[in-house]
Structures are given as C-alpha cells and as structure tokens.
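Some notes on the structure that comes next.
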Ligand SMILES: Nc1ncnc2c1ncn2[C@@H]1O[C@H](CO)[C@@H](O)[C@H]1OP(=O)(O)O
Ligand SMILES: [Mg+2]
Ligand SMILES: [Mg+2]
C-alpha cells in the first residue's frame, strides 16, 4: 500500500538539505548574535532565515498542514499540537555551536498526525549526516540502518546530556546534582554535543547509551524521538512515566533498563510546558 506521508517526508529531506546549504554558507560569513530568554540563549539571522525557508516551502506544497517552529514561537506564535498534520521545526538545533563553528549543528523537522510522530528528519549539516525515520519502517543515517547499542549495564555506558540555557545558581545546582549522581554510578563518561537532536541521533547510532535533559522544547526532540524509537531505543519521562513531547522533559535510551536507571538519579523538576498559555 502506498505510504500517504511519503511525499511529505521526501519534501522534508529535500528542504533539510537545502537548509543545510544555507547554514554551511552562513558559517563563512560574520554571524551576528542576538539573545532570547537569557544571555546564553542565542539566535542568529540564519535561524530566522532557515525557519522562513522551511515554513514557506511547506505552506506552498502542503497548504492545509500546520506548523510549529522555534523562532515563530519565540516571536509570539502559539505552540499547540493538535491532531492535524503538523510540521515541528527547529531550523538550527545547536545555535551556540553554530555561533562558534563547533561542528554539531542540525536542522530538525518532525511531522506529527494525531499527536503521533509519523516521520523525523535530522540533518547534521556540518557532518553531512542525514538521519531519517518513518514510523514502523526503521531509522537510517545516509541510507544505512541505525541500531541502538546493546549494552544494558549502565556502568559500561556513555550518557549524553546538556547544561541548558539558564545560569541561575539554583538551576545549575539541580543540573549538576543529577549529573554528579549519574557520573558517579559510575559510568564510562558523560558527553554534551550541544544539540539535543544530535545527542538523540547518537543514541540511535549506538555511540552513546542514553541522553536525558529537562528544559528541551518539542522542536528539539520531535524528529529525533522517532529516530531513537525506530532504531530500537526507548523514550521515557524523567520520572519514569511515558514521554510527553510537550512536557520539556526526556530520557532517550537504548533500553528500558538504562532509561530506568537514569530516572533513579535525576533530580526532576517541571519547566512551564510548551503548550502552557503565555504568561503576561
Ligand atoms: N546555552 C545553551 N546551551 C545548550 N543548549 C542550548 C543553549 N541555549 C539554547 N539551547 C537549546 O537547548 C537544546 C537542548 O539543550 C539545544 O539543542 C539548544 O537548541 P537551539 O540551539 O535550537 O536553541
Ligand atoms: Mg533546538
Ligand atoms: Mg534552534
């Protein structure tokens, strides 16, 4: 039977590649940096330009589809995930890396119907790695099948996470408290790639056993969540329940055993949800 979303997925791959060209070209220019929620939450004109490029191309080809994009939400658009076909876009995941030319920068495009991710595309543009997944059909990197690591002993694992974009001492203490507990399990190592989407693709590729973070947004993880699960991995809330992509909390792991072991060590908290009404 023909796949009704194949056209949309082909479009996502093509537009992610075009977006990647724009990102690579912009790396050669001066990168003017602006800030959003804090002095370390960065945005550039390239984030905005790439989001416009992706959104316009989706509107032209699929005019009935809905869109959620990081920079549009930052500009005041609502972040509501309905049952309608919805494209969930992070034009540059890893803007801090982009600003510093640290080579993990991704374009992330997820597509959801009935609140279920149907396909995910993460293009790591400086590595030229195109990660794709279609629900029920596996995950791939540049056409090669992805499979999570089979390591079930957390003591033999590498765990990825990020430090987030708050530098408030209490928030940083929370993050370091969880990180310390996990490091001292002990694990082989802890890594931060600087991009939530790429951290999750590293889980899908079997290079790290798990990634966890509190504070991510739906556009950081929508596409990569399917790439992880189609590579045989599991997704979980940081308290051990089912994952909720609007909750800003995630554990993505190669196995239930490692995901659950991580949830035992995380000092959890709940940032305002992505679909919370705006605060005035
Ligand atoms: N200073 C910072 N350090 C790390 N991640 C940051 C950050 N500011 C924003 N983020 C965002 O938070 C996500 C999870 O850490 C990252 O993928 C990144 O997405 P962004 O580049 O699209 O903003
Ligand atoms: Mg992001
Ligand atoms: Mg971004």
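Cβ coordinates come from backbone N, Cα and C, glycine included.
Automatic, uncurated: that is what TrEMBL annotation is.
The Mg(2+) 1 binding site annotation in TrEMBL covers 70, 92. Around the Cβ of residue 92 (Mg(2+) 1 binding site), a 10 Å sphere holds 30 further Cβ atoms from the protein chains shown.
Residues or ranges marked as Mg(2+) 2 binding site by TrEMBL: 90, 93, 220. All protein chains included, residue 220 (Mg(2+) 2 binding site) registers 28 other Cβ atoms within 10 Å of its own Cβ.
Counting other C-beta atoms within 10 Å of each candidate's C-beta, the binding-site residues 70, 93 are led by 93. Separating the Cα atoms of residue 220 (Mg(2+) 2 binding site) and residue 92 (Mg(2+) 1 binding site) is a whole-number distance of 9 Å.
Across the structure, residue 90 (Mg(2+) 2 binding site) and residue 70 (Mg(2+) 1 binding site) are spaced 6 Å apart at their Cα atoms.
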